[in-house]
Amino acid sequence: MVQKYYVHSILYTSTTILKETQLKLGCLLGAAFYVQQLTFVCLVLPCLLLGYLGQAAFLMENLTQNEQVFFLSIPSQVFWPVVFIATLAALIASRTMTTAIFSIIKQATALGCFPRLKIIHTSRKFMGQIYIPVMNWFLLVSCLAFVTTFGSINEIGNAYGIAELGVMMMTTILVTIIMLLIWQVNIIVVLCFLTLFLGLELFFFSSVLGSVADGSWVLLVFAAVLYLVMYIWNYGTKLKYETEVKQKLSMDLMMDLGCNLGTVRAPGIGLLYNELVRGVPAIFGHFLTTMPAIHSMIIFVCIKWVPVPVVPQNERFLFRRVCPKNYHMFRCIARYGYKDVRKENPQTFEQLLIESLEKFIRREAQERSLESDENGNTDSEEEVASSSSRVLVGPNGSIYSLGVPLLAECGGVSNPNFGSSTSFDGSLDGTMDGRRSLDNELSFIHMAKECGVVYLLGHGDIRARKESFFVKKLVINYFYAFLRKNCRRGIATLSIPHTRLMQVAMQYMV
């Protein structure tokens, strides 16, 4: 099995190097995909077949020499060069495997199937060049533990055989799904493909199952634990998000509370961080019932990471109104690239946020004025409000439609009258000139900014109800709670001054 590992490492490394070379060549010729296919079929596959057929021929001629077949079949003149190449290939393959694990963990985290980890992007040009310190140390400890546990080459070879055949069977199953759903191949052809390849792989897999007791069980247990971690995290995260969406505050309730929100509006700006991109989060209601007063201006900030190196500062924030003007409540989506400085200076962040909000208000007033001139009748005001609630106005003056994939989650508000309002404050007359209303609102923002900015953080946790099944209680109350407590929180990447930080905890019963 050791010689099989070396052969596989050499061929796997050769394939990796060829793919990197082919990618550069494809950028010049515009046919990288076809070049990779031809290279694999015409070069890599023949080398792989010749390598195994050569070992089989050597065994047929030397039945007693069944250990280290690969090295025994090598002529003595080239023995040490081949050993050097095999060792070098194993090192390169190890590096390739580590990089692949980093990429898989990142994609699993983006899909909500793995706890958050610190991800470092090492290149501004290539997004895929990443480094995950925790996983790097985890791989080191795991490799040392496996080598110590197995203790012999034969046990490591048995575990490698099960892992290799498991990857082959999973690849066949995924290709079958792609053939059915993406390529839409005839079902008869798909069944023939599945029967041929999966049947052959199951035949070989059954031959290595007898070695499970010889050490391969460690690998199976490791795979089962990793699967449980991913499943529990995905299940808990999805359940928490669905609960937050269901329990968010309705606009009818916000209108019933009035512009004072049923409490005292103290001068200042409150930045409430949450993961929802539409609606009023339930944690805000918890703030209202817990705190004796709330700030005169509330901005719901949602952090989004976009697949670009750097987001220009004039395009970082996207705003929209949450309630009528006299509520002074806004929704802000802050976009960061993977090479942006996330722990930026709080004063710089606040200044940029306020400037972007002022540009949004000016642009909104300009758009409303132009649309009001085009529509002379009174019914046009409702249409303008409905239209403004379906777009986001960037601080650079650009109009961003909610149909764009980046903001696809930001749907319009159910009631069109909440997108905008014709009154700024209860004391202002409804017939006030638009310019004066704009100046008053900008002045109100400046006064709130001078009174100070406070960061409001809500920590929402989930607990299983008492009538839930025992398994659900075990998964949610213990396993998921442990993962959530020890993983990296989304707000950890921001620099928030502790002197202006207010936190409220909230528990959801699911």
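Any Cβ shown, glycine's included, is placed from N, Cα and C.
Just so you know, TrEMBL annotations never went through curation; they're auto-generated.
Under the heading compositional bias 'Acidic residues', TrEMBL lists 372-384.
What TrEMBL lists as domain 'K+ potassium transporter integral membrane' is 37-255.
The region 'Disordered' annotation in TrEMBL covers 368-389.
Among the features that TrEMBL reports, transmembrane segment is placed at 38-58 (among others).
Annotated transmembrane segment per TrEMBL: 78-105 (among others), in sequence order.
Residues 98, 101-103, 105-106, 117-120, 156, 159, 218-219, 222, 307, 309, 338 of the same chain lie 6+ residues outside the transmembrane segment (126-147) yet bring a C-beta within less than 8 angstroms of a C-beta in it. Annotation comment: TrEMBL describes 126-147 (among others) as transmembrane segment.
Here TrEMBL flags 159-181 (among others) as transmembrane segment. Within the chain, the transmembrane segment (159-181) has long-range Cβ neighbours (under 8 A, six or more residues past its boundaries) at 1, 4-5, 8, 146, 150, 187, 189-190, 193-194, 197-198, 201-202, 204-205, 208-209, 211-212, 215-216, 218-220, 223.
Among the features that TrEMBL reports, transmembrane segment is placed at 188-209 (among others).
Within its own chain, the transmembrane segment (215-233) is flanked in space by residues 108, 112-115, 142, 146, 149-150, 152, 155-156, 158-159, 161-163, 166, 208, 475, 479-480, 483, which lie at least six positions past its ends and keep a Cβ under 8 Å from the stretch. Sequence annotations record features per position, and here TrEMBL assigns transmembrane segment to 215-233 (among others).
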